Structures are given as structure tokens and as C-alpha cells.
Amino acid sequence: MALPVLLLLLFITIPFSESKLSMEYYKKTCPDFESIVRDTVTLKQMANPTTAAGTLRLFFHDCMVEGCDASILISSNHINIAERDADINQSLSGDALEVVALAKTALELTCPGIVSCSDILAIATRNLVIMVGGPFYNVRLGRKDGKVSQASRVEANLIRSNRTMEDIINYFAVKGFTIEEMVALSGGHTIGFSHCKEFADRIFNYNRTTPTDPEMYPNFAEGLKKTCTNYQTNTAMSAFNDVITPGKFDNMYYLNLKRGLGLLSSDHALVKDPRTRPFVDLYAADQAAFFKAFAHAMEKLAHQGVKTGRKGEVRHRCDAFNFIQS
């Protein structure tokens, strides 16, 4: 095959918006971009150790709805209910929202109007994953911030943890992810926590004859019952996703699944379904394999529906569109 034809075919296989992203996008326009973000997230994570998990979840929720365009950061107003006020987003981390806002403020003082909020969120997520022990992965830059953020678009684009594995596999497939990539991304649950309402049915209302899921490790289930006793009145009650090493990014999540220590229904389903179990076994036995798969999946996630050129904007502040700011 002639070289020009080969190059043309390679170009065609790369989405146009993705082809505009670059590792050195801010090298000339904001050379201190990465160091400013790194310093900001380091201070925030040291002060609030749950920031890493919260930011990882925020990034996922952003990218899966309208693409990685920071639409999740927009605040609602009298004419629009934004994504972050959708029911499934009510428990998003305030620390995660704040770390992006802090980085944006610092960047606006150094290179105003240059760096997008979506790029800040993408690089902050990567840096925070590394800070808690996770793998490095490349983040190409040049995203623009979205101009739409509506709560009504969220529910159809995010999957609930109580859905069947068939539903979850199909959901990720529609978004362009393989089963292996889905299992690797699920490993993000090795850090962070979930609110009791997300898994209450497993410990209090499993079925008519058995209130607690019999496949959950008994002592673990009893501990969760004590933690979540008043979850209906105290909605902030929560439990760590990884009860063994909750603040460390490692492969313990997969080992926990095999021991009956999976917290969410979707977590436990990974070890039960024959399509996902081989990857659970692999990542439980080989942390390096998990890290490699997670890094690959995160690079892919970071290109989900990115906006470039006139399809987006560089916001002056991350919680409001430019055209409605006073």
C-alpha cells in the first residue's frame, strides 16, 4: 500500500476532535499549566485525602454525559437545572469540585483565558490517581468546555449500580468500551466510598426470605448494617468501597470481590458473571496487569466526546458558561 494512502487511512480512523489533542498543547501559551495543577491538587489531597476518589468519580460522570467537557462543573440557575443537580450526581464530591476551581483560579492569574476546565479536570484526575499509588497514563490536552449542561440528559447516560451485568456490559459497549476495559475502570472503586442507600438492599432487603445477600462475607455484612442503621434519616452515611486498603490505589478491590467483600451489587456481579470473572481473576493475581489495563482505559475515557474549536469554549470560571456571566 502506498505511504500517502496508508497515512490517509490512519488519519480517518482517528476521530477529528481527538486528532486535535496534544501532549504539548499549552507548551507555549501556558508553560506552567502542569506545575500549577500539580501543586494545587497536591495541597488539596494532603488536606482532604478523599479528594482523589471524588475527582476520579467526577471525571467519569463528566465524560459519560456529553463527553469530557466539564459540563458536570456548571452550577444550576433560575433558567437551567445543570448536570450536577441530577439525582445520581447529588453525592458528587465537594472537594473534587473545589480542587478544579482552585486550579482554574491559579491558572487565570497566570495565563487568563487559555486553559479549559475540562483539561484541568482531566489532568487533575490523572495526578490524583498517581498520588494515591495508581499508574501514570498520558493525558492529551486541548479540550474545550461544553456549552450545555442539563440534568435531564444525565439519567440515560449513567448506569446505576443495581442494574444487571448484562445492562452494564451493554451500557459500556454503547460508549465504546470492551468488557475488559469496563472491568478495569471498575477498579477505580479501590479508593473512595459509597453512600449506604447505594447498597442498602444487599444488607437489609435482599429478598423476601433473606434480608442479607448470602454471598456477602457475614462479618462484613454485619459491620455494614451497623454503619448504615440510620441511613434513611442520615443520608450521608457511607462505607469504603475497599474495606482493606481504602486510601490506596491497588488491586485489593479485585481480591475483595473474590472474598465476598464487594460493596455494590455491580461490584459483586463482576465476580459472578463468566464474561467478567476472568478479568477479575487476572487483576487480583497481577497488579501490574490491572494498572496497565486501567491506564489504557483511562486514556480512552479521556477522549470520550471531546469538543474542540468552535464546538466549545474556554470558560472564565468553571461553574458558569461565558455567555451568561455578568
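We number each residue from 1, going along the chain as drawn.
Including glycine, each Cβ sits where the backbone N, Cα and C put it.
Unlike curated entries, TrEMBL annotations are predicted automatically.
Note that this is a predicted model, so its numbers are computed, not measured.
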Among the candidates C68, C111, C117, the one bonded to C30 through a disulphide according to TrEMBL is C111
Answer for the disulfide partner of C318 (TrEMBL, candidates C63, C68, C117) is C117
Candidates C68, C111, C117, C196 (disulfide-bonded residues) passing the 10 Å Cα cutoff around H61 (active site, proton acceptor) are C68
The recorded positions listed are C30, C117, H189, T190, C196; by CA-CA distance, the one closest to C68 (disulfide bond) is C117
C117 (disulfide bond) sits from C63 (disulfide bond) (Cα to Cα, rounded, in Å) at a distance of 13
Those same-chain residues, other than T190, D242, T245, D250, found with Cβ within 8 Å of the centroid of the Ca(2+) 2-site Cβ atoms are I191, I244, P246, K248, F249, N251, M252, Y253, N256
Of the recorded positions C111, C117, H189, C196, C318, the one whose Cα sits nearest to the Cα of D250 (Ca(2+) 2 binding site) is H189
Residues near D242 (Ca(2+) 2 binding site) by Cβ (under 8 Å) yet at least 6 apart in sequence within the same chain, in sequence order, are H189, T190, I191, M252, Y253, N256
